[in-house]
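Visitor: Supplied in structure tokens, the structure appears directly below.
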């Protein structure tokens, strides 16, 4: 198993070397077998930012426009699906309805002391969102060498997509670097 | 001050230890972990290890607090006994409830984060710069004013670029010059509460002024009642001599009532039309501007607008004051096409030094009083390389002295290529980030 290894990534934790199938452009195109593999082997190439969509006011929404830098990395539908789900979560968090009124009135009646003990609905939904992003990273994005950052860590301004590639592969992925360069210029 | 802010801003985004010269190595494994509020770039004051956040000038807030406490204290001490005996003991009870509500909402308004938007990370700022360059085509000396137009509910709204925070401000956000922060749904900076009033604390502010109006009217009315009832027994002048504190209370309340009640009325109008003080003063949605001008944020009816402002969901703070700073410095693998985008160096130390020097260059760029202003990364550095004895030369000499010619060449290439862009992450940072996720 180890003898056929040409390119690989040594995992210091498990002291195993993850095997690459020769001839398969996995590392070159930045595909990782799992999230842990990416953690140990990856180097950041560039970051793509999906901006906020303010066409419906100040509610939190992200643009579903597909960034061109991700064309070679991920299918359009997958990313759009993720962004749409996130948008629906944010809409749920900011929904003004019966539950939010109850929460608001209760808080007002207790001079807002209740906020010290209780978690607001928004915070609960944000926790759900970070769980969702973690799951999406593990299942969809890490195997493609991408990583989503929770927008709350970027002040809800952007959805940051980090593009990684394998450190071990020498001539790896000049295309992604060049494409990011060309888009930068 | 400006340089200090910019250096702090760099440190905040670069997450390295605070150093006055760029040559001190930032890589210290055993520094005690700092909380993010300690390196917050805005002009705010933090207390209780980051739990409390206020503006820099808090003198007037203490005046407010003293006025309320003294007036209510005098009321409970001198007037309440008489009123409880003569009329009903419910009066002090109501007074106490109002007083506690006023203090609670005041402290809540003053101590909470008004909705500060954290400043852009270097990666975001660089990305925005690239997009602006692509959109503009040429990079002139004076860039055109940066605005983006967006259509919200049929109304065209201009989003302005904030040079300090390096972001396009969301609609209704504004930059507070006193606190040096962009605040979401910025209403105004209130010196009386010692904080900005924005998205997250507007309802507390409104409840404060509303309850304070009731309290002021309440105290005014019952102190007058006390004096009148007392003067019926012992005469007017004797009644005044009997409780001199009541005179003080009447004077304070009389002058407060006009301003506080007026302010409450004004904010009630703003809430019912879903406007901010900022928008009202500027006349953003006034029909005087144009016939088609209307407020795109209004829900159409007063009741929904009020409910949305007061009972809507409360978003959490975006600035994570009490989080710990991740002290691991970023590193980026060299791109394999040969062009050192970020400065590939032999040693970890010198590479981290290069990153700190980026910081230094950014800080120098920010310090320049030119239209590029702070954080104009690509343009600013390119701009600076053409002007006199520049940070680039200074930085180069520093690096050369410490790490030799190779590293210095990296800086030179970077400054020329204007390639100060993203902060790459080390694997450790990725692990930490995923752990947080």
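Don't overthink the numbers, they just go from 1 along the chain as shown.
Just so you know, glycine gets a Cβ as well, placed from its N, Cα and C.
Those TrEMBL annotations? Automatic predictions, nothing curated.
Since this is a predicted model, take the numbers as computed values, not measurements.
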Visitor: Kindly point out the range from B:179-203, B:204-228, B:279-303 that TrEMBL annotates with transmembrane segment.
Guide: B:204-228
Visitor: Which residues of the same chain, at least 6 past either end of the transmembrane segment (B:60-84), have a Cβ under 8 Å from a Cβ in it?
Guide: 54, 91-92, 95-96, 99, 102-103, 106, 110, 191-195, 212, 215, 219, 222-223, 225-226, 229-230, 243, 245-246, 248-249, 252-253, 256
Visitor: Quick test of the contact rule: Cβ under 8 Å, at least six residues beyond the ends. What residues does that give for the transmembrane segment (B:90-107)?
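Guide: Sequence-remote neighbours of the transmembrane segment (B:90-107) are 64-65, 68, 72, 75-76, 80, 83-84, 193, 204-205, 207-208, 211-212, 214-215, 218-219, 222.
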Visitor: Just to be sure I understand, if DSSP states are collapsed into helix, strand and coil, how many residues of the domain 'Palmitoyltransferase DHHC' (B:158-282) fall in each?
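Guide: For that range the per-state counts are 75 helix, 19 strand, 31 coil.
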Visitor: Average pLDDT across the domain 'Palmitoyltransferase DHHC' (B:158-282)?
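Guide: Summing pLDDT over the domain 'Palmitoyltransferase DHHC' (B:158-282) and dividing by its length gives 92.
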